Amino acid sequence: MNGVTVVSHPLVQHKLTIMRKKETSTAGFRRLLREISLLLGYEVTRELELTTTEIETPLQTMQAPTLEGKKLVFASVLRAGNGLLEGLLDLVPAARVAHVGLYRDHDTLEAIEYFFKAPSDLADRLVIVVDPMLATANSAISAVEKLKQRGATNLRFLCLLAAPEGIERFTKAHPDVPIFTASIDERLNEKGYIVPGLGDAGDRMYGTK
Ligand code: PRP
Ligand code: URA
(Lines of atoms letter the chains of each structure in order from A and count residues from 1; the text may use other names and numbers.)
(Lines give C-alpha, C1' and ligand atoms only; values in the text may rest on other atoms or scores of the structure.)
(Ligands and ions follow the chains in the order given, each with its own letter.)
Protein backbone atom coordinates (compact mmCIF):
# COMPACT_ATOMS: atom_id res chain seq x y z
CA MET A 1 0.00 0.00 0.00
CA ASN A 2 1.27 3.44 -0.90
CA GLY A 3 2.68 5.52 1.95
CA VAL A 4 2.70 2.60 4.37
CA THR A 5 5.87 1.06 5.79
CA VAL A 6 5.53 -2.27 7.58
CA VAL A 7 8.44 -2.77 9.96
CA SER A 8 9.16 -6.45 9.48
CA HIS A 9 12.26 -6.67 11.69
CA PRO A 10 12.28 -10.11 13.39
CA LEU A 11 12.55 -8.62 16.90
CA VAL A 12 9.50 -6.43 16.24
CA GLN A 13 7.48 -9.37 14.97
CA HIS A 14 8.53 -11.63 17.87
CA LYS A 15 7.68 -9.04 20.51
CA LEU A 16 4.37 -8.24 18.82
CA THR A 17 3.38 -11.91 18.95
CA ILE A 18 3.92 -11.96 22.73
CA MET A 19 1.90 -8.74 23.09
CA ARG A 20 -1.01 -10.25 21.17
CA LYS A 21 -1.29 -13.27 23.51
CA LYS A 22 -4.22 -12.87 25.87
CA GLU A 23 -2.24 -14.30 28.79
CA THR A 24 0.51 -11.64 28.60
CA SER A 25 0.44 -9.62 31.82
CA THR A 26 -0.08 -5.87 32.11
CA ALA A 27 3.56 -5.42 33.16
CA GLY A 28 4.77 -7.60 30.30
CA PHE A 29 2.61 -5.77 27.76
CA ARG A 30 3.91 -2.37 28.91
CA ARG A 31 7.54 -3.51 28.86
CA LEU A 32 7.21 -4.99 25.36
CA LEU A 33 5.52 -1.86 24.03
CA ARG A 34 8.40 0.20 25.32
CA GLU A 35 10.96 -2.18 23.79
CA ILE A 36 9.17 -2.32 20.44
CA SER A 37 8.92 1.48 20.32
CA LEU A 38 12.72 1.68 20.18
CA LEU A 39 12.76 -0.49 17.08
CA LEU A 40 9.83 1.31 15.43
CA GLY A 41 11.43 4.62 16.35
CA TYR A 42 14.59 3.57 14.53
CA GLU A 43 12.57 3.11 11.32
CA VAL A 44 10.40 6.21 11.59
CA THR A 45 13.47 8.41 12.10
CA ARG A 46 15.55 6.75 9.38
CA GLU A 47 15.16 9.62 6.90
CA LEU A 48 15.95 12.46 9.31
CA GLU A 49 18.21 14.99 7.68
CA LEU A 50 21.79 15.42 8.79
CA THR A 51 24.17 18.32 8.63
CA THR A 52 27.75 18.48 9.87
CA THR A 53 29.38 20.31 12.69
CA GLU A 54 33.05 20.73 13.56
CA ILE A 55 34.07 18.85 16.69
CA GLU A 56 37.36 17.94 18.30
CA THR A 57 38.09 14.32 19.06
CA PRO A 58 41.07 13.65 21.38
CA LEU A 59 43.16 13.33 18.17
CA GLN A 60 42.01 16.00 15.73
CA THR A 61 39.12 18.13 14.53
CA MET A 62 36.55 16.66 12.16
CA GLN A 63 33.30 17.54 10.43
CA ALA A 64 30.86 15.20 12.19
CA PRO A 65 27.23 14.40 11.35
CA THR A 66 24.51 15.85 13.52
CA LEU A 67 20.73 16.15 13.17
CA GLU A 68 19.60 19.15 11.18
CA GLY A 69 16.77 21.51 12.01
CA LYS A 70 14.58 22.04 15.02
CA LYS A 71 13.93 19.26 17.52
CA LEU A 72 11.16 16.93 16.37
CA VAL A 73 7.83 16.50 18.15
CA PHE A 74 6.26 13.24 19.30
CA ALA A 75 2.49 13.68 19.48
CA SER A 76 1.01 11.01 21.73
CA VAL A 77 -2.65 10.10 21.31
CA LEU A 78 -3.80 9.40 24.86
CA ARG A 79 -3.88 7.08 26.57
CA ALA A 80 -2.20 4.28 24.70
CA GLY A 81 0.15 6.53 22.71
CA ASN A 82 2.09 7.06 25.92
CA GLY A 83 3.25 3.43 25.77
CA LEU A 84 5.12 4.22 22.56
CA LEU A 85 6.15 7.69 23.70
CA GLU A 86 8.34 6.55 26.59
CA GLY A 87 10.65 4.45 24.42
CA LEU A 88 10.75 7.08 21.70
CA LEU A 89 11.93 9.64 24.24
CA ASP A 90 14.72 7.26 25.27
CA LEU A 91 15.77 7.32 21.61
CA VAL A 92 15.38 11.08 21.06
CA PRO A 93 15.58 12.65 24.54
CA ALA A 94 15.55 16.23 23.25
CA ALA A 95 12.28 15.78 21.35
CA ARG A 96 9.31 17.99 22.21
CA VAL A 97 6.02 16.33 23.13
CA ALA A 98 2.40 17.03 22.22
CA HIS A 99 -0.51 15.29 23.95
CA VAL A 100 -3.80 14.73 22.16
CA GLY A 101 -6.49 13.35 24.46
CA LEU A 102 -9.07 11.34 22.50
CA TYR A 103 -11.34 8.43 23.31
CA ARG A 104 -13.59 6.38 21.04
CA ASP A 105 -17.27 6.58 21.76
CA HIS A 106 -18.18 2.90 22.25
CA ASP A 107 -21.39 3.13 20.18
CA THR A 108 -20.55 5.54 17.36
CA LEU A 109 -16.75 4.89 17.29
CA GLU A 110 -16.32 8.65 16.79
CA ALA A 111 -13.21 10.18 18.39
CA ILE A 112 -14.09 12.54 21.24
CA GLU A 113 -11.41 15.09 22.17
CA TYR A 114 -10.82 15.92 25.83
CA PHE A 115 -7.30 17.39 25.90
CA PHE A 116 -4.78 19.08 23.59
CA LYS A 117 -1.41 20.56 24.40
CA ALA A 118 1.39 21.04 21.89
CA PRO A 119 4.50 23.16 21.33
CA SER A 120 3.54 26.46 19.69
CA ASP A 121 5.94 26.25 16.73
CA LEU A 122 4.68 23.04 15.10
CA ALA A 123 5.11 24.55 11.64
CA ASP A 124 8.90 24.35 11.93
CA ARG A 125 9.11 20.78 13.19
CA LEU A 126 8.65 17.19 12.08
CA VAL A 127 5.68 15.82 14.04
CA ILE A 128 5.51 12.06 14.62
CA VAL A 129 2.03 11.09 15.81
CA VAL A 130 2.04 7.92 17.91
CA ASP A 131 -0.81 5.58 18.84
CA PRO A 132 -0.52 1.77 18.95
CA MET A 133 -3.83 1.18 17.14
CA LEU A 134 -5.15 2.40 13.77
CA ALA A 135 -8.62 0.83 13.65
CA THR A 136 -11.39 2.94 12.03
CA ALA A 137 -8.78 5.75 11.92
CA ASN A 138 -11.24 8.20 13.47
CA SER A 139 -8.76 8.97 16.27
CA ALA A 140 -5.73 9.29 14.00
CA ILE A 141 -7.57 11.44 11.44
CA SER A 142 -8.83 13.75 14.17
CA ALA A 143 -5.42 13.99 15.91
CA VAL A 144 -3.68 14.89 12.64
CA GLU A 145 -6.41 17.41 11.75
CA LYS A 146 -5.93 19.15 15.07
CA LEU A 147 -2.14 19.23 14.69
CA LYS A 148 -2.47 20.63 11.17
CA GLN A 149 -4.87 23.33 12.46
CA ARG A 150 -2.08 24.29 14.89
CA GLY A 151 0.39 24.66 12.04
CA ALA A 152 2.00 21.22 11.52
CA THR A 153 2.83 20.51 7.88
CA ASN A 154 5.39 17.71 8.13
CA LEU A 155 3.88 14.68 9.85
CA ARG A 156 4.28 10.90 10.14
CA PHE A 157 1.96 8.43 11.87
CA LEU A 158 3.45 5.55 13.87
CA CYS A 159 1.39 2.64 15.19
CA LEU A 160 1.76 -1.00 16.13
CA LEU A 161 -1.27 -2.50 14.41
CA ALA A 162 -3.32 -1.15 11.52
CA ALA A 163 -6.56 -2.40 9.96
CA PRO A 164 -6.78 -2.18 6.15
CA GLU A 165 -10.00 -0.15 6.56
CA GLY A 166 -8.20 2.35 8.79
CA ILE A 167 -5.25 2.69 6.43
CA GLU A 168 -7.62 3.42 3.54
CA ARG A 169 -9.59 6.06 5.43
CA PHE A 170 -6.49 7.69 6.92
CA THR A 171 -4.69 7.82 3.57
CA LYS A 172 -7.74 9.41 1.95
CA ALA A 173 -8.00 12.04 4.69
CA HIS A 174 -4.27 12.74 4.99
CA PRO A 175 -2.46 11.55 1.84
CA ASP A 176 0.58 13.60 2.85
CA VAL A 177 1.15 11.65 6.09
CA PRO A 178 3.06 8.36 5.75
CA ILE A 179 2.14 5.48 8.05
CA PHE A 180 4.63 3.22 9.85
CA THR A 181 3.28 0.04 11.46
CA ALA A 182 4.47 -3.35 12.69
CA SER A 183 1.52 -5.17 11.13
CA ILE A 184 -1.47 -4.77 8.85
CA ASP A 185 -4.02 -7.12 10.37
CA GLU A 186 -6.97 -8.84 8.63
CA ARG A 187 -9.90 -6.48 9.27
CA LEU A 188 -12.13 -4.71 11.76
CA ASN A 189 -14.82 -6.71 13.52
CA GLU A 190 -18.42 -5.52 13.97
CA LYS A 191 -17.39 -3.60 17.12
CA GLY A 192 -14.57 -1.75 15.39
CA TYR A 193 -11.80 -3.87 16.94
CA ILE A 194 -8.80 -4.94 14.92
CA VAL A 195 -8.70 -8.71 14.36
CA PRO A 196 -6.77 -10.79 15.15
CA GLY A 197 -5.39 -7.71 16.95
CA LEU A 198 -4.38 -7.56 20.60
CA GLY A 199 -7.55 -6.23 22.24
CA ASP A 200 -7.89 -2.78 23.75
CA ALA A 201 -4.39 -1.34 23.87
CA GLY A 202 -5.11 1.19 26.66
CA ASP A 203 -6.78 -1.42 28.86
CA ARG A 204 -3.96 -3.91 28.33
CA MET A 205 -1.32 -1.27 29.12
CA TYR A 206 -2.94 0.01 32.27
CA GLY A 207 -4.89 -3.01 33.54
CA THR A 208 -8.26 -1.27 33.21
CA LYS A 209 -11.53 -2.70 31.89
C1 PRP B 1 -7.76 3.32 21.14
C2 PRP B 1 -6.42 3.47 20.49
C3 PRP B 1 -6.68 4.54 19.48
C4 PRP B 1 -8.09 4.27 19.04
C5 PRP B 1 -8.05 3.59 17.71
O6 PRP B 1 -7.97 4.32 22.06
O7 PRP B 1 -5.39 3.77 21.39
O8 PRP B 1 -6.54 5.86 19.99
O9 PRP B 1 -8.66 3.41 20.03
O10 PRP B 1 -9.32 3.39 17.21
P11 PRP B 1 -9.88 4.16 15.95
O12 PRP B 1 -8.85 4.04 14.88
O13 PRP B 1 -11.15 3.40 15.62
O14 PRP B 1 -10.17 5.56 16.32
P15 PRP B 1 -9.28 4.44 22.98
O16 PRP B 1 -10.29 5.33 22.32
O17 PRP B 1 -9.75 3.06 23.36
O18 PRP B 1 -8.76 5.25 24.22
P19 PRP B 1 -7.68 4.87 25.33
O20 PRP B 1 -6.31 4.88 24.67
O21 PRP B 1 -7.82 5.98 26.32
O22 PRP B 1 -8.02 3.53 25.90
N1 URA C 1 -8.58 0.40 19.85
C2 URA C 1 -7.92 -0.60 20.47
O3 URA C 1 -7.30 -0.39 21.52
N4 URA C 1 -7.98 -1.83 19.92
C5 URA C 1 -8.64 -2.09 18.78
O6 URA C 1 -8.63 -3.25 18.31
C7 URA C 1 -9.32 -1.04 18.14
C8 URA C 1 -9.25 0.21 18.70
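Just so you know, glycine gets a Cβ as well, placed from its N, Cα and C.
Just so you know, TrEMBL annotations never went through curation; they're auto-generated.
TrEMBL has this to say about the protein:
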- Arg79, Arg104, Asp131, Pro132, Met133, Leu134, Ala135, Thr136, Ala137, Asn138, Ser139, Asp200: 5-phospho-alpha-D-ribose 1-diphosphate binding site (BINDING)
- Ile194, Gly199, Asp200, Ala201: uracil binding site (BINDING)
- 6-208: domain 'Phosphoribosyltransferase' (DOMAIN)
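Feature map: annotations from TrEMBL on the structure.
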{"residue": "Arg79", "record": "5-phospho-alpha-D-ribose 1-diphosphate binding site", "CB count, 10 Å": "17"}
{"residue": "Asp131", "record": "5-phospho-alpha-D-ribose 1-diphosphate binding site", "CB count, 10 Å": "28"}
{"residue": "Met133", "record": "5-phospho-alpha-D-ribose 1-diphosphate binding site", "CB count, 10 Å": "28"}
{"residue": "Ala135", "record": "5-phospho-alpha-D-ribose 1-diphosphate binding site", "CB count, 10 Å": "26"}
{"residue": "Ala137", "record": "5-phospho-alpha-D-ribose 1-diphosphate binding site", "CB count, 10 Å": "26"}
{"residue": "Ser139", "record": "5-phospho-alpha-D-ribose 1-diphosphate binding site", "CB count, 10 Å": "28"}
{"residue": "Ile194", "record": "uracil binding site", "CB count, 10 Å": "26"}
{"residue": "Gly199", "record": "uracil binding site", "CB count, 10 Å": "17"}
{"residue": "Asp200", "record": "uracil binding site", "CB count, 10 Å": "15"}
{"residue": "Ala201", "record": "uracil binding site", "CB count, 10 Å": "25"}
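Using CA atoms as reference points, the binding-site residues Ile194, Gly199, Asp200, Ala201 were checked against Asp131 (5-phospho-alpha-D-ribose 1-diphosphate binding site), and the closest is Ala201. Within 8 Å of the Cβ centroid of the uracil site, not counting the listed residues Ile194, Gly199, Asp200, Ala201, the chain contributes Pro132, Met133, Leu161, Tyr193, Gly197, Leu198, Gly202, Asp203, Arg204. The two recorded residues, Ala201 (uracil binding site) and Arg79 (5-phospho-alpha-D-ribose 1-diphosphate binding site), have Cα atoms 9 Å apart. Of Arg79, Met133, Ala135, Ser139, all annotated as binding-site residues, the residue with the shortest Cα distance to Asp200 (uracil binding site) is Met133. Geometry remark: Arg79 (5-phospho-alpha-D-ribose 1-diphosphate binding site) versus Ile194 (uracil binding site), CA distance 17 Å.
If you measure from the Cα atom of Met133 (5-phospho-alpha-D-ribose 1-diphosphate binding site) to that of Ile194 (uracil binding site), you get 8 Å. Nearest to Gly199 (uracil binding site) in space, judged by Cα atoms and limited to the binding-site residues Ala135, Ala137, Ser139, is Ala135. Listed binding-site residues: Arg79, Ser139, Ala201. Those with a CB atom under 6 Å from ligand 2: Ala201.
Site extent for 5-phospho-alpha-D-ribose 1-diphosphate: among the recorded binding residues Arg79, Arg104, Asp131, Pro132, Met133, Leu134, Ala135, Thr136, Ala137, Asn138, Ser139, Asp200, the largest C-alpha separation is 17 Å.
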